Amino acid sequence: GAFFMATLFMWSISVIFEILFNNRPELSTIFIGFLFFQSANLFIRKCSSSRDPDPLFVNTCVSLLHASITSAAVVSIVVKEWRRSGVHRMFEHSELVETTWSCAYEALCISCGYFAYDQSDMLLNGVYNTPSILLHHLVLLVCFTLALYRKLTINYLILTLICELHSISLHVRKLRRMSRIRDQNRTAVKVEWMLNFATFLSARFASHVLITIKLLRDATKFQQGGVELPLALTGMAAMNLLNVFLGMDLLSAYTRETRRR
């Protein structure tokens, strides 16, 4: 916990330095995102019927809010660019690395602010089971922030956020279990699991594998000696590994839940 809190503090100092001393006011959207989700956290706590609401429940509600907003934003950005440029042009190497689609920079800043908020909330309230989720957030913060500083690979990172479509299913299931709503409507539970696996395979697992393949195919097109390709490949390797573990956890949870019926 101390290590991740220290890295979060160093990250925040870095962003403040960029804004104030390198004249990057557009990066202030990161802190706007942080404050928005922190405010949502406080609002949910205040509206809770309990005097001392479960920090994990509140955290999951805010995560569901982020997943919903980000999914809508990413789909809107991709569809808008698809209509404007066409599928072939929008996935060209130069388009993914050197240009930025409309509203993509702002969307990435807000998501970066969310991951900083979520990291701090998990650390302060202890709402994490293993350090893997903290490592996941740290990898995302490093990759996202460096891309925002350099204004490179923004579109690549927007595509990785398509996985938030699956996060919606994950958070809904988690909230259902925490609310002890399990088998009252078995049809609804079956539909939930179908959506969970469908979005995991398409929006998370397949999309991240395809992005990794695209990076490898275009490896020679990246600037020689630059940090973009090594950082991107390292980040995607970590994401793909975490996706494998997540898939195993989903199968295990599904098996346990079906056996209880």
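Just so you know, glycine gets a Cβ as well, placed from its N, Cα and C.
Feature annotation from TrEMBL assigns domain 'TLC' to 52-259.
Within the same chain, residues 15, 18-19, 53, 58-59, 61-62, 65-66, 106, 109-114, 116-118, 121, 145, 148-149 sit at least 6 positions outside the transmembrane segment (27-44) and bring their C-beta atoms closer than 8 Å to a C-beta of that stretch. According to TrEMBL, the transmembrane segment annotation covers 27-44 (among others).
Per TrEMBL, transmembrane segment is recorded for 56-79 (among others). The list of residues near the transmembrane segment (56-79) in space but at least 6 beyond its ends in sequence, with Cβ under 8 angstroms from a Cβ of it, reads 37, 40-41, 44-45, 48, 101-104, 107, 110-111, 114, 117-118, 121-122, 125, 127, 158-159, 161-162, 164-165, 167-168, 171-172, 174-175, 178.
Under the heading transmembrane segment, TrEMBL lists 129-148 (among others).
TrEMBL lists 154-172 (among others) with the feature transmembrane segment. When Cβ-Cβ distances below 8 Å are used as the criterion, the transmembrane segment (154-172) is approached by residues 60-61, 63-64, 66-68, 70-71, 74-75, 77-78, 90, 95-97, 99-101, 104-105, 107-108, 111, 143-144, 147-148, 192, 195-196, 199-200, 203-204, 207-208, 211, 215, 232, 236, 239 of the same chain, each at least six residues removed from its ends.
Long-range contacts of the transmembrane segment (193-211) within the same chain: residues 156, 159-160, 162-166, 168-170, 173, 236, 239-240, 243, 246-247, 250, 254, 257, each at least 6 residues beyond the stretch ends and with a Cβ under 8 Å from a Cβ of the stretch. If you look up TrEMBL, you'll see 193-211 (among others) marked as transmembrane segment.
Feature annotation from TrEMBL assigns transmembrane segment to 231-251 (among others).
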